[in-house]
Amino acid sequence: MGDFDLNVDSLIQRLLEMRSCRTGKQVQMTEAEVRGLCLKSREIFLQQPILLELEAPLIICGDIHGQYTDLLRLFEYGGFPPAANYLFLGDYVDRGKQSLETICLLLAYKIKYPENFFLLRGNHECASINRIYGFYDECKRRYNVKLWKTFTDCFNCLPVAAIIDEKIFCCHGGLSPDLQGMEQIRRLMRPTDVPDTGLLCDLLWSDPDKDVQGWGENDRGVSFTFGVDVVSKFLNRHELDLICRAHQVVEDGYEFFARRQLVTLFSAPNYCGEFDNAGGMMTVDDTLMCSFQILKPSEKKAKYLYSGMNSSRPTTPQRSAPMLATNKKK
């Protein structure tokens, strides 16, 4: 980065001006600014633990996938930082048409409010995945491949899990048969790519499945599925109350599993312009009461650059109907 002085406030201001503009308008950011965001946020990620220990109150959000206008809607609903503390569960890039604006605003907020704004790694924060599903092409079209590699270096340093007040375990994908204790997560070294198997892979890729006991094969061709019994054993062993994860489209933006011992959050409404799903976020108050805020899909369906690739996307396992928004978990 040399002597480049990153003006985060100016960047945030430009990124937020999109609220009054037409959907999909690109934000003008110099290559030096974007590179500066990656390098500075990478430093902060490495200064903080790979397994975050956070305190409520905070708002948790699931997949965003480059749907920048919807990210702004989430902040309008929950409050723009620092009005609220946030934890995002990964998958910031790919599929939507504004991955750059999305990840740049999130990294800028991380730099501006490092102790109040937290980002976990999703399976799309990985070079082999976002090389294919849109982010590489967006970087190459608007900047260059070198900048995409700078993002890769940043993503390789993201934390992979969080525990809120010793009771709520958060990650992008789910549990792992290799996970016996939290110290195993703390021992994961960064920077690191996402391997094809093992603990880090599973935290970012696994899925719950009501039809499985124990561990099962995953239709994605990566990692595993896990049953209700696995969830219950994990929570009991670690004296936890809830697993909060993302990684799957759910119709109402959130969906419970295993007698409300696990919740899936998905925060990209009308995903890829093809699904008629809502986007959800979960507010955890200081007593650990959880409530859900829902973004309905917009009336106008934006055109998504990579929606055509959705046909090759692994299908989400069918699961039971979600609980009503009035339900709360203590």
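Here the Cβ of each residue, glycine as well, is placed from N, Cα and C on the backbone.
Taken from Swiss-Prot, the feature active site, proton donor covers His124, and the record attributes it to similarity to another entry. Counting only same-chain residues six or more apart in sequence, the Cβ atoms lying under 8 angstroms from the Cβ of His124 (active site, proton donor) belong to His65, Gly90, Asp91, Tyr92, Val93, Asp94, Asn130, Tyr133, Phe135.
In the three-state DSSP reading, His65 (Mn(2+) 1 binding site) counts as coil. What Swiss-Prot records for Asp63, His65, Asp91 is Mn(2+) 1 binding site.
A simple way to gauge crowding: the CB of Asp91 (Mn(2+) 1 binding site) has 28 other CB atoms within 10 angstroms, across all the protein chains here. Per Swiss-Prot, Mn(2+) 2 binding site is recorded for Asp91, Asn123, His172, His247, and the stated evidence type is similarity to another entry.
What Swiss-Prot records for 308-319 is compositional bias 'Polar residues'.
Look at Swiss-Prot and you will find Thr315 (among others) tagged as phosphothreonine, backed by experimental evidence.
The phosphothreonine annotation in Swiss-Prot covers Thr316 (among others), and the record cites experimental evidence as its basis.
The region 'Disordered' annotation in Swiss-Prot covers 308-330.
Packing around Asp63 (Mn(2+) 1 binding site) is summarised by its Cβ count: 29 other Cβ atoms lie within 10 angstroms of its Cβ, all protein chains included. Neighbour list (Asn123 (Mn(2+) 2 binding site), Cβ cut-off 8 Å, at least 6 residues apart, same chain): Gly90, Asp91, Ile129, His172, Gly173, Val194, Leu204, Trp205, Val222, His247.
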